[in-house]
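Here is what Swiss-Prot says about this protein:
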DISULFID  CYS29-CYS127  disulfide bond
DISULFID  CYS31-CYS58  disulfide bond
DISULFID  CYS42-CYS57  disulfide bond
DISULFID  CYS52-CYS69  disulfide bond
DISULFID  CYS81-CYS107  disulfide bond
DISULFID  CYS91-CYS106  disulfide bond
DISULFID  CYS101-CYS118  disulfide bond
DOMAIN    29-73  domain 'P-type 1'
DOMAIN    79-122  domain 'P-type 2'
SIGNAL    1-23  signal peptide
Amino acid sequence: MGPRGAPLLAVVLVLGLHALVEGEKPSPCRCSRLTPHNRKNCGFPGITSEQCFDLGCCFDSSVAGVPWCFHPLPNQESEQCVMEVSARKNCGYPGISPEDCASRNCCFSNLIFEVPWCFFPQSVEDCHY
């Protein structure tokens, strides 16, 4: 590569790194289903909604005294299954398999002990930014 190719390569590398750092805007359910007092700060004072979403975080400035830019709820296989653990309503029995849970048209996540692993989905109609 000649001297003219080096600046082009530098630009491509910088753009590539920016794409790796920039987050993806979380789904509405991952943001709106998190109660304000459970928000974990993801930004800095004065952050804009655009900057916050670029970090892959949620933004909601409608509640005073809590972080406006905050980490979203964990991703799930279906938007209907995104909810706080405290919102889970049991749809199964202890030791239920993912397959048995799915046959009941319910959500399954066994990442947290002592909460329902098989739980009823929620409508996505209430999800918003």
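Using N, Cα and C of the backbone, Cβ positions are placed for all residues, glycine too.
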Local Cβ density at CYS127 (disulfide bond) - other Cβ atoms counted within 10 Å: 17
Cβ contacts of CYS31 (disulfide bond) (under 8 Å, same chain, 6 or more positions away): CYS58, PHE59, ASP60, PRO72, LEU73, TYR129
Disulfide-bonded residues near CYS118 (disulfide bond) (Cα-Cα within 10 Å), from CYS57, CYS91, CYS107: CYS91, CYS107
Tally of DSSP helical, extended and coil residues in the domain 'P-type 2' (79-122): 12 helix, 5 strand, 27 coil
DSSP state at CYS29 (disulfide bond), helix/strand/coil: helix
Disulfide-bonded residues near CYS107 (disulfide bond) (Cα-Cα within 10 Å), from CYS29, CYS42, CYS69, CYS91, CYS101: CYS91, CYS101
Entries of CYS69, CYS101, CYS127 which, being disulfide-bonded residues, have CA atoms within 10 angstroms of CYS42 (disulfide bond): CYS69
From CYS52, CYS69, CYS101, the disulfide-bonded residues whose CA lies within 10 Å of that of CYS29 (disulfide bond): none
Cα-to-Cα gap, CYS91 (disulfide bond) vs CYS81 (disulfide bond), nearest whole Å: 12
Around the Cβ of CYS57 (disulfide bond), the count of other Cβ atoms that are within 10 Å: 26
Cβ-based isolation winner (fewest other Cβ atoms within 10 Å) among the disulfide-bonded residues CYS29, CYS52, CYS69, CYS91, CYS106: CYS91
Integer Cα-Cα distance in angstrom, CYS57 (disulfide bond) to CYS106 (disulfide bond): 27
Sparsest-packed of the listed disulfide-bonded residues (CYS58, CYS81, CYS107) - C-beta count within 10 angstroms: CYS81
